């Protein structure tokens, strides 16, 4: 299994790779973990990877183009790959998802920061969006570690006794009640440029966010919040 992480903090994973069963799995070449600095794929010498959100608002949004360039470079040919973006509106991560993801040859994680990621990344690059819980973190690096550890322990050879995996798994456990949670998921974010050309398609920012009409922008944001 090859784990590739797109992040603005590649050193975040150094201690994670050096400890316990993850370190042993790396040494045995059962897995590999590579953190790719998103700033290396910036369009300018300053390493800019974020910009202001269209429609106004606090914080900065990670741009589409550096992420697109990174994923194109990282994605391996002729292997089964899955591109995952971490997002509060994503599907809640669980053991069954870990089991499914463990069957791929390569997992690429897109780690958000600041206010979020340009929504066009979710639509055009990511194969799926994952959330690890109903709470807010500074970025996607911790969720990436959660998924990597959960998936790694399911790969044959990563844990000495396979029985340990089978007995501790949450897969197909019956009789557990589902906790009903009311949650607010923030609206999609967009940043510069206004139009992106990808594979002969034009990916545009919704016109309402360019209108300057704050009432209509608020209505759009409320409509697209979950």
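Note: Cβ is positioned from N, Cα and C throughout, glycine not excepted.
Small disclaimer: the values here were computed from a predicted structure and weren't measured.
Quick look at what TrEMBL lists:
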- 112, 132, 133, 134, 135, 136, 137: S-adenosyl-L-methionine binding site (BINDING)
- 1-225: domain 'tRNA methyltransferase TRMD/TRM10-type' (DOMAIN)
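Look at the binding-site residues 132, 136, 137 and count other Cβ atoms within 10 Å of each Cβ; 136 has the fewest. Over all protein chains present, the Cβ of residue 135 (S-adenosyl-L-methionine binding site) has 8 other Cβ atoms lying within 10 Å. One residue stands out among the binding-site residues 112, 133, 134 for having the most other Cβ atoms within 10 Å of its Cβ: 112. Across all of the domain 'tRNA methyltransferase TRMD/TRM10-type' (1-225), the predicted model scores a mean pLDDT of 90. According to its DSSP assignment, residue 137 (S-adenosyl-L-methionine binding site) is coil.
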